[in-house]
């Protein structure tokens, strides 16, 4: 599934419900308590004003202030809320590979959401009359253009505000608010609303309810007529009585069902929640879809979990939270030394349970081998560093010191197989079968054990900087030689001819990327794959103007870097 863009959305939802069932709970009484308090205390004239604001095609700072003021009042009344709780996951909270996977997914989710919001909110389409909007839609259909993001009539709702950060966390439905609005504004009893929403929630246990399902339920639950038939879009408040808001409310008031909506995050269970989520993700082949648009179930869960380390990710008020998920949850791969316990002190919780804190990392013997290799490097002399594949999911790293004719070269198995295959096809040519036996943790240990404040030379430093920072190595200094591609690869063929035998992991076929412009000639395919080690040698050759005369020596033996292949007897 990681290679496919198709998402079996409901299957993923069911798998996440099953995998995270231990974190779900029954919250019906708490939701109804908040709903009754909101229904009795809120000025619904103010609610109606905010709902009118959200129907406008262009909203201003004054409109945003009305929404924020009402959100503050609702937040004050609710017991179910998320509070500002920033979390930094470190080694020990999660395994190193889990930390890198989390950091990578948050970075990709950030890119996707920012592209989605840019596409959806920054283009104001004007105030054409309805007749011209209809005519424009007809012209677009005639020309073969599919309807783009936005509303069916072509109007894009935008926020024209000075400080867009004030929009953060002011949206999203809350079941207590949905129930209160349906009760008061629909002129219904709360019991009728609860019964109707429960029917939607029960349907949600077997499928995603749609507008056709809603129409079939209305004869038995007339209060559902208040639900809008318009499609949801980004930056639409919880005061809009959408089908999604109603389904969420129905899911949260079920007695059971292991619904994700009932998860509560706390400092005590946050790391376990993330660990279990990543396990389900790998088992089901879930991924961050890089296409702008709605979030898939994994993306939605990850965003909500990481927004705050304390609260209700799906159903609580979150208007007091500052920042986005990638701001409030981060990763630090710096390895902290274990504190020496005082004599007679009680064992740590993990030790009481018989757990080995090193299981996800290298053994002490393996760590000593890496330390010995690093100690051979001379920080006062030039050291080249290069990586291959994504900066938060690298598959290859090399350190090369020309003066001492030595190098450190290691690999790791990627988490993002789809991204890896793309990189293999267009850049490094590494095949999964050639690195699937790489010993996990070596690459992170190499970075973590580099001497403090060491100066490293690179060709292109952005990706390397991000990788070092995520490992907590902001102390390491980078010098970027900033060659053009032609300058950097001047000695490419000679390096591969003379030193190509040093690395046997680049066996794929490199395919040139297609240019977006039809008029542009296709970009030339590199003659050779990108190898972190050979690229370091090649970059140094370009600087010095000649090839190294002697073959460099590996500081980490190959048998240390890979698990032995299983032998089968016939």
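Cβ coordinates are placed from backbone N, Cα and C, and glycine is handled just like the others.
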Same-site Zn(2+) binder from 367, 376, 396, given that Swiss-Prot records 503, 506, 531 = 396
Matching range for Swiss-Prot feature annotation, region 'Disordered', among 257-281, 282-306, 307-331, 332-356 = 332-356
Request  = Have a look through 215, 255, 535 and flag the one Swiss-Prot assigns to the Mn(2+) site that 386, 388 belong to.
outcome  = 535
Request  = For residue 506 (Zn(2+) binding site) and residue 463 (site 'Important for exonuclease activity'), determine the Cα separation and express it in whole Å.
outcome  = 20
Task = Across all the protein chains here, work out how many other Cβ atoms are within 10 Å of the Cβ of residue 396 (Zn(2+) binding site).
result = 25
Note = Least Cβ-packed of the binding-site residues 503, 531 (other Cβ atoms within 10 Å) is 503
Query = Of 386, 388, 463, which recorded positions come within 10 Å of residue 396 (Zn(2+) binding site), going by C-alpha to C-alpha distance?
reply = 386, 388
Request  = State the Cα to Cα distance, in Å, between residue 388 (Mn(2+) binding site) and residue 463 (site 'Important for exonuclease activity'), rounded to an integer.
outcome  = 9
Ask   = At the Cα level, what's the spacing in Å between residue 503 (Zn(2+) binding site) and residue 535 (Mn(2+) binding site), rounded?
value = 11
Coarse DSSP state, helix versus strand versus coil, of residue 531 (Zn(2+) binding site) = coil
